[in-house]
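Structure first, commentary second.
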Amino acid sequence: MQHQQEMVSNGAAPQTNGKTEVAPAINGVSEDIKKPSVKLDPINTEMVRLIGQHLTNLGFKSTVQQLMSESGCRLDHPEAGRVRKCVLMGDWKGATEALQHLEPLLDCPSHLTEMRFLILEQKYMELIECGDDIGALSCLRGEISPLEHNISKVHRLSSLIFYNNSTDLRKATNWAGSGLESRCALMDKISKYFPSTVMLPPRRLEKLVIQALQQQIVHCNFHNTTSVLKLNPGDNYDKVSMLDAIGSSGTLLTDHVCSKDNFPSNCVHTLTDHTDEVLTAAFSPNGLLLATAGKDSAIIIWEIDQPNFGVSRRHYLDVGNSCVVCLSWSHDSTKLISCMAEEATELIVWDIEEGKEICKVTESNNDSLTSACWYKDDERFVCGGLRGQFFLCNLEGTIIERWEGVRVQSMNIHSDGKTVLASDTHRRIRAYQLEDKQDYSILQEDHGIMSFTLDESGRFGLLNVTTQGVHLWDLKDRQLVRKFRGTTQGHCTIHSCFGGLNQDFVASGSEDSKVYVWHRGREQPVAVLNGHQRTVNCVAWNPTLPTMLVSVSDDRTVRIWGPIDAVRKHQGEPQATSETSEGEDDAYDIPLHSALASNGQLPHNLMSSLDISEH
């Protein structure tokens, strides 16, 4: 029979006057294709093929044979099956011959050359590893070079002939060596060049399940746990197993939904040690310490017992008669900068391990140093204020560099460790490199920027904007991403934060005495936390404990928020302290055929890759 006669559409086997055709082995399964008792539509044909592929990978070959026989489908085109068999056996000549027969079915003629190149590359590498240098050179000169494909790669391959042992060769090329592992990896590469009607992409059903789970996680309001793996857009699904993606405690039998009971929406501790309004709070980068401060001229350092969700006072630092408005931890969690209100003329750097002052920074009685951030080396820091001071300092309190005329409202260090982003009185954020004396504009708001913070990547900024609320900006693309709704923001300085697992959430205080928590992908809050009696000035998320959140308020209290189990451990049965939005989505509760477009096809065909975009 001619090869053209064996071409199939949507995986269906050809029928001849009701007679049974015997197809060659596909994926190691011998298929006796019989006339099916039920005629399958294209989508269900694809489903049968996907199930057959997954069962084959699990080793149920006789089961797959029966499935293909009863359904009238086949997994792959016969010649594609031959390619697989030859590659896994190391029959490179047979593999290239089978590829030649599939050329009319390829979407692009260049794909044939690329697949031949990959096969010959594997042959060449195996010849080198077994010490057959003459055979390897013959393959390189007589088979690979005449393809005139990927010349730069050919040059790199030619240099491998000089490796004396397989260990060095594998290390230099990140290659698994001769054998089934590298040949299976080669087959996965080759299969990507075949149309899905000819050969299914590797682990296709697994990837669809993983992608579906990831979509459910994206739409889960309270996903804040590592028990189920969350992938980011662009992650390579080929390296993720279904078990890894679902987790040992997960299931495919129900949709993924996280309970709000595990979310930091319950007040676990109410700390009343401050004697006046509490204006700012900050967790140390290691998550083991918390600093709070405000109008009572005191900084309180709290120790965090993460396993037991406990909080205890470690240091009480007296700053004199000044109101503390800003706290900044060093990256190693050993030092803390405290900035005072505009009327003060100095800032203080503290040794937190000893609870002692390291240095003060002041130049004149006209200074105003109300904001600060650390360089990556933890030996230098930048500080500034609304009167035009903008300094780079060291731990001796010496001003190393200065930038004149910048009236700083708030500042943060970029993830590169040396670029300082500062909001000013012109309603903008600019980037400054003080050592190189360079600056440039990042964004412009229509109203005053009272405070802002950066996520771990340094790409996104969270701004508290006068009378507008909380805005999320993409600093790389310089675009406003989202305006979060719900919070009340007038002219008070309120500090918001990123937090939770993968920093998927943002939280902010509000002038209506509440704490608002949003998922980064949604404008409406997923939780509104009640308990404070006056304006909530600052919210901070523990960077190493995703279930711990702190808020401070004009009501002189510090509240620690956590999951319901932490409340039960410390207080017994909790009382309602939050309003939450379940946000259940019924988009998945539809029959398969109802999800089809008008032409009877899935909007994203099952055989092609699905792109999961972050919303």
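Numbering starts at 1 and runs along the chain as it is shown here.
Glycine too: its Cβ is placed from the backbone N, Cα and C atoms.
Summarising the annotation, TrEMBL assigns region 'Disordered' to 1-28 (among others).
Marked as compositional bias 'Polar residues' by TrEMBL: 1-19.
Under the heading domain 'CTLH', TrEMBL lists 76-135.
The residues of the repeat 'WD' (271-305), classed with DSSP into helix (H, G, I), strand (E, B) and coil, number 0 helix, 21 strand, 14 coil. Annotated repeat 'WD' per TrEMBL: 271-305 (among others), in sequence order.
Break the repeat 'WD' (529-561) down by DSSP state and the numbers are 0 helix, 16 strand, 17 coil. Residues annotated as repeat 'WD' in TrEMBL: 529-561 (among others).
The region 'Disordered' annotation in TrEMBL covers 565-586 (among others).
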Local confidence of the repeat 'WD' (529-561) - pLDDT mean: 97
Tally of DSSP helical, extended and coil residues in the domain 'CTLH' (76-135): 48 helix, 0 strand, 12 coil
